[in-house]
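Below is one structure, written out as structure tokens; the observations come after it.
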Amino acid sequence: MASHKDVKKVVLAYSGGLDTSIILKWLQTELGAEVVTFTADLGQGEELEPARKKAEMLGIKEIYIEDVREEFVKDFVFPMFRANAVYEGVYLLGTSIARPLISKHLIDIARKTGADAIAHGATGKGNDQVRFELSAYALNPDIKIIAPWRDWSFKSRTDLLEFAEKHQIPVAKDKKGEAPFSVDANLLHSSSEGKVLEDPAQEAPEYVHMRTISPEAAPDKATIIKVGFERGDAVSIDGVRMSAATLLAKLNEYGRDNGIGRLDLVENRFVGMKSRGVYETPGGTILLSAHRAIESITLDRGAAHLKDELMPRYAELIYYGFWFSPEREMLQAAIDKSQEHVEGEVTLKLYKGNVMVVGRESGKSLYSDKLVTFEDDQGAYDQKDAAGFIKLNALRLRTLAARNR
């Protein structure tokens, strides 16, 4: 166990769930530390007052519950979507992108309250411990960090349940009377891990899905929507302007009702192991398709291809926890520069788990029907010019062929 004897006051990232409630009591009983709780409203869709009441029941005097939904979407989710960031080809980074924001607020509250440490409930096997701590150290290099899962003697969730029963800490149950899946949720996504999901050969039970209906149960009639963009960010739906968080919440509703955004994947964790999770990102899945569509008519080919080359590295930085790193900020500057003329409107058809782009328009469009038409282009393009273009590009290939024959 790491030595934390000199820690007097700790700010705990507190959800009110099993892990963090046990941690709260453990910090009090094992370290004798004064605990401050921070609960972020990230749009997880849960009432936060139970977390406050639970903290009060456990003797906490300083309780911070903050609505960070707009900050989350505007300053973290939207910048990430400007890059079309996807980890390992499929994962829209819904958990990853929330961690630096939580760390930022933990550091801010520690400064306000005079706390000398922060604590989190991430396990020693996962990515979140890295994300929380890299972000915290980037913002305050001297902060002390307590990660109880790496320090205490508990080895399983069963051990935690026994501790909770001993200390009369209430634990939520699922419909089957068991402790719930390991769940993370915010306005962008929800994820479920553990129990039967640990067997990647077994299909996830339907009750695991919290954010979407099944595609099979979705309406037989398609839903048509239009998403408007300015400088790479979504600003409106069907011509109605709305705030960042409100817009994403509305897209979530459309995605939920049409069975969009389900993902069952096995991913490579930063710490070296593979894990299986069931993710739901209804609004984000729609947003990604819409953003790529508006870029298709407003981005120059060279810029678009360079963005696609940079994206995997950018996504990896977020997944690994390097949001506040200089390299992520460098890439962000380039990505944001590329978005200066990414504006317009995209029409989407949503149908039984599918997002289909059926129209796109922009006042900054680079698409020219005069250039591309199969009909008379009235001199807009001279097809004879292609001969020289091909000859020059073929020069090295012909030279190689002549040598090798």
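Just so it is clear, glycine is given a Cβ too, placed from its N, Cα and C backbone atoms.
Values in this document were obtained by computation on a predicted structure and should not be read as measured data.
Cross-referencing G94, G114, G121, G124 against the ATP binding annotation in Swiss-Prot, which names A13, Y14, S15, G16, G17, L18, D19, T20, S21, A40, picks out G121. Site annotation (Swiss-Prot): L-citrulline is bound by Y91, S96, N127, R131, S182, S191, E267, and the candidate from Y137, Y279 recorded at this site is Y279. Looking at E267 (L-citrulline binding site) and D128 (L-aspartate binding site), their Cα atoms lie 14 Å from each other. Sequence-distant contacts (6 or more apart, same chain, Cβ under 8 Å) of R131 (L-citrulline binding site) comprise S96, R99, P100, S103, A122, Y320, G321, W323. By the criterion of other Cβ atoms within 10 Å of the residue's own Cβ, the least surrounded of the binding-site residues T123, S182 is T123.
The sparsest Cβ neighbourhood within 10 Å, among the listed binding-site residues (D128, E267), is found at E267. Here the Cβ of N127 (L-citrulline binding site) has 21 other Cβ atoms within 10 Å, regardless of which shown protein chain they belong to. Taking the mean position of the Cβ atoms of T123, N127, D128 as the L-aspartate site, the remaining residues of that chain whose Cβ falls within 8 Å of it are A122, K125, G126, Q129, V130, R131, R269.
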